[in-house]
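Enquirer: This is the structure, below, for whatever I ask next.
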């Protein structure tokens with residue numbers, strides 16, 4: 001498959017997974033079409049109507065046919081059996097098995113008038129409401145509305161179309177053996193869309209994604225402050241280490257900016273900008289892998305205790321491999337992991353692989369840092385390596401720990417937990433390294449300073465009065481003998497022919 005095709009598939013899958021506003025076309029010949037998984041918030045008892053979950057929209061067809069299929073909105077308790085039987089080859093048998101558990105619980109005017117509002121017969125009449133729809137409850141301009149109220153806890157709901165219909169006379173389920181083109185335009189929201197006081201930053205978002213826009217915006221502000229500081233540091237100390245760190249921080253700032261752009265547009269239209277969101281995720285991964293390279297280089301003592309970097313192919317090879325595996329994990333999690341499963345990326349085998357890989361790199365980092373410290377005797381450099389190693393170790397270890405903790409957290413809260421801790425740990429690590437590499441501090445232990453900058457500093461030093469006055473000169477037997485003193489080294493003498 002060509003890279004362009006891979007990108008199209010990736011974007012389409014992400015769009016289905018993230019959108020709260022769904023538009024598209026489905027042919028009943030495909031039998032089953034999954035639309036969305038959406039977390040509905042817990043309803044507020046004192047303000048129930050405005051805090052309910054609403055699923056509403058239009059489902060129509062341009063074809064002249066009286067045939068109907070089923071739009072199902074189910075919670076996880078009903079959905080798993082329904083979803084699991086979709087692959088039965090015999091359409092009639094598949095419909096009976098899929099609807100077996102739902103049949104006794106779903107409302108139907110003719111077959112079960114005491115049931116719950118789970119199903120709709122679609123397509124709806126052009127310009128009219130769907131069957132069994134109460135006009136008083138329908139959002140203006142739409143053909144149907146599901147209102148979901150749960151006073152106990154938030155819950156995931158699953159929206160799908162299936163080519164099954166119920167015979168109103170026998171109340172039996174049958175497979176629609178007819179090709180019918182159906183157009184849908186659906187909205188899934190948390191809160192009353194007609195209420196003037198709803199929270200615009202939460203309305204369009206699934207419960208598990210609520211507040212992620214605010215989180216991204218907060219960390220964008222942090223990087224907006226951090227990047228100019230690091231640019232100032234690079235301008236005053238043109239050094240490979242500070243430049244590499246600046247590149248990592250700038251990538252992270254751009255990633256946060258793209259996430260905020262996508263989230264802000266999503267809050268307005270329920271769709272966002274999918275390619276911008278993907279670009280932000282990829283830049284975030286690149287920023288972290290570049291930061292890991294910086295940590296490995298410093299642990300090996302590059303630009304601190306040594307000028308030449310040893311084992312270059314190994315260092316850069318492992319760095320590139322980690323970055324590739326991390327991006328492949330992102331693609332795998334987006335395209336291969338069934339959205340029905342209540343798991344995160346670190347509960348898949350690529351996720352465990354990246355955690356194991358990260359842990360091995362952490363062990364290598366500690367060994368290199370230990371070796372560097374054993375061969376270093378300068379107190380200032382040892383102090384830097386000690387503080388650097390402690391902060392870097394926290395950055396390495398937080399992800400495996402949070403991945404294990406997340407196993408015990410409900411999937412409704414897991415995404416926000418991992419996102420918040422990941423962003424916080426990265427930002428804290430960047431701030432600590434920025435502090436340690438600040439020019440007034442790092443000039444005590446960094447090597448490889450730019451020659452122009454170093455020369456200016458030496459010129460100022462040589463012109464200082466205490467340096468000039470510390471030398472004495474005299475002419476003896478046709479030679480000029482200069483003697484100089486230093487607080488840290490024995491007296492040296494230089495002989496220059498007259």
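Using the three backbone atoms N, Cα and C, a Cβ is placed for every residue, glycine included.
Here the structure is a predicted model, which means the values were calculated and not measured.
If you look up TrEMBL, you'll see 1-19 marked as signal peptide. TrEMBL lists 215-235, 244-264, 276-299, 311-332, 352-372, 384-409, 415-438 with the feature transmembrane segment. Sequence annotations record features per position, and here TrEMBL assigns domain 'GPR180/TMEM145 transmembrane' to 218-433.
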Enquirer: For the transmembrane segment (244-264) and the transmembrane segment (352-372), does the number of C-beta pairs under 8 Å, pairs 6 or more apart in sequence, reach 3 or more?
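Expert: Stretch pair does not touch.
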Enquirer: Out of 311-332, 352-372, 384-409, 415-438, which stretch has the largest tally of CB pairs under 8 angstroms to the transmembrane segment (276-299)?
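Expert: Per the Cβ count, the answer is 311-332.
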Enquirer: Which range out of 311-332, 352-372, 384-409, 415-438 gives the transmembrane segment (215-235) the most CB pairs under 8 Å?
Expert: 415-438
Enquirer: Under a Cβ pair cut-off of under 8 Å, which of the recorded stretches 352-372, 384-409, 415-438 contacts the transmembrane segment (311-332) most often?
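Expert: The listed stretch sharing the most Cβ pairs with the transmembrane segment (311-332) is 352-372.
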